[in-house]
Structures are given as C-alpha cells and as structure tokens.
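One structure is given here, and the rest of the page talks about it.
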Amino acid sequence: MTELKNDRYLRALLRQPVDVTPVWMMRQAGRYLPEYKATRAQAGDFMSLCKNAELACEVTLQPLRRFPLDAAILFSDILTIPDAMGLGLYFETGEGPRFTSPIKSKADIDKLPIPDPEGELGYVMNAVRTIRRELKGEVPLIGFSGSPWTLATYMVEGGSSKAFTVIKKMMYAEPMALHALLDKLAKSVTLYLNAQIKAGAQSVMIFDTWGGVLTGRDYQQFSLYYMHKIIDGLLRENEGRRVPVTLFTKGGGQWLEAMAATGCDALGLDWTTDIADARRRVGDTVALQGNMDPSMLYAQPARIEEEVASILAGFGQGEGHVFNLGHGIHQDVPPEHAGAFVEAVHRHSAQYHL
C-alpha cells in the first residue's frame, strides 16, 4: 500500500500533534457539485452509482479535486446492509429511501440473512479497493456504516419517518423482537466494517442518525449497547497503523460521556452541542469531530469564516479536533462557499497547534 502523504486526519483522531486542524465534510461527494450530478446522470440512478466501483470512485474523488480536504469518504449509502438482506431498497422522488418488504414481525426478522461483505456487498468492497488505489496515498479513506438502531428504523418504518411510531411500537410492545433485529444488524455491521478495513478503509465511522429520538434509557439499551458491541468486534489495526473509529449520534450531545466509554477514538458532534463544553466533558478520552451548522454554508464567505474561527476558539489549543459540519452538506449550497469553509479551517487553525 502507498505511504500516506497527508495523515493529519488520522493523527487528529488519535489526539496526536498536527500542523493545522484537519477538515472534511459529511456528504462532501454530492448533489451540490455539478460534476456529481453529471456522473449520477451517467449512472442512471443512485444505487447504480453506488454499485459501479469506477463511478463511485469518481464521485468520491470529485470534492478532493476542488478543495484541499484532509480525508476522502467512501461514496455509498447507509442502507446497503438492509438492501443486501433482501428488503428491496428503492428511492421515491422527493420521498427518500423506501423498502418494498419492510419488517413487520419476529418471523420476518428470523428470516433475515447476515449479508456476506464480499458477496452481496462485494460492490462496496470493490469501491473501497478502487478508491484506495486511485487516491495514491494523498489522504486517508473513511469507511462507514449506519448504526443498528438507525438501520432498524428504516427497515421497520419502511423508509424515512418523522415520528418513528412503528419502530417505537415494536420497541415498547415487542422489545425482544427488536433486540433480535438489532443483534443481527450489529453482527452484520461488524463484518461489513471489518471488510471495509481489510479492503483499505483507514478509519471508520458509525452514523447513528436517529439515536437522538430516543429517551436516555432507551438510547443506552437499543442504540449505544449495539454500537459498543460493534466497536468491541472491530479490527483496530491494519497496514501497521491504528484504524480510528468515530461514533456519531445526531441529537446525542447529552450522552457524550456514555458514548466515549464505548472505546471509540472520536465522537461526532452535531451543531446543537457546544464544542467547548464537549471538550471539557470528554476531551481527555476522545477526539471530537464537528460541528458547524451545515446551513451556515448559505452565508457569505466572510460570515462562514467568522463561524469557523469561533468554533476553533471554542475547541481551543491542542490536539484532538477534526473540523466538519454538524451533519451532511445541503444539496443547494454554492460549491465556492464549501471551498471558503475548508480554506478558513486551515488558515485559522495553525495558531492552535503551535
């Protein structure tokens, strides 16, 4: 494997010294870039784009050609696992992801296979290998998965949800059925992330997009417990270096201490959490990633720069910060505003690493 030319993202996750704060953006390969839209049109639809290693590689690299980002993230979707389990993923225009065969009973759960990462999910591993090759050691590659709870919400609700009543009904009326589903998903995610690491991912991230809809007690039992299980089962070293793990629960700022206790290397923060407060609470055990409001990218570059400076000052001197948005970049953000954001992070952060 090629020597890594820029490893500041990996170093920051391990709270090691860096020259400037590393930065990348969730959904950095996406619809705000005209070149992404062109490649997606060439692929035909979203899943065809994910399943074509060359095109998935192309869209992964597109933002790196425009901006001096410190990491690439695999272009894929969190719903690849439920799709590989046979639920029939499709995308409804304006509706988001849907499943033709959502989970309705314990019998449905019992029938679910644990997908083979090099079988049904082999297209993801092919994309990882292709991207690693084409990155030529410029920056590290991040692999990822949805969390068991977040995947379960889509599988039981049949798609996106606003109130999560269907899965909460299962959680409160048939908790053992939901635990059986989450257990199967935890095993699947562990295999999936380990396969991504073996294929070349140099860091992995678990996206718990919907953990924040739970009570504190339910979060511990139905989300965090299974993420902890996954972390315990992950390969933490590959190619002679540590493979850092980042845990991100959107809306989970009140549970940072419990999240840090899982043994992950870093926690993702959404924009509702104060980064200075987060660092006081858990900064001696984990790195922090975040956490500008993605909507700030609608502002003029001077205002974006102000916000970047304010978040950097909030984190303060020293190591253990990866700058990012608090969630994915919006699809109608002007690309030059994203560029102003990335450059502002590098320009304003050097003073914190003297």
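The backbone N, Cα and C atoms fix where each Cβ goes, and this holds for glycine too.
Annotated substrate binding site per Swiss-Prot: Arg27, Gln28, Ala29, Gly30, Arg31, Asp77, Tyr154, Thr209, His327, in sequence order, evidence recorded as sequence analysis. Annotation note: Arg31 (substrate binding site) sits in a coil segment as assigned by DSSP. Within 10 Å of the C-beta of Arg31 (substrate binding site) we count 14 further C-beta atoms, all protein chains included.
Annotation source Swiss-Prot lists site 'Transition state stabilizer' at Asp77, citing sequence analysis. Under the three-state DSSP scheme, Asp77 (site 'Transition state stabilizer') falls in the coil class. Proximity of Asp77 (site 'Transition state stabilizer') to non-local residues of its own chain (separation of 6 or more, Cβ distance below 8 Å) is seen for Phe46, Met47, Cys50, Pro97, given in sequence order.
Pairwise Cα distances among Arg27, Gln28, Ala29, Gly30, Arg31, Asp77, Tyr154, Thr209, His327, the recorded substrate-binding residues, top out at 23 Å. By a simple count of nearby Cβ atoms, those within 10 Å, the most crowded of the binding-site residues Arg27, His327 is His327.
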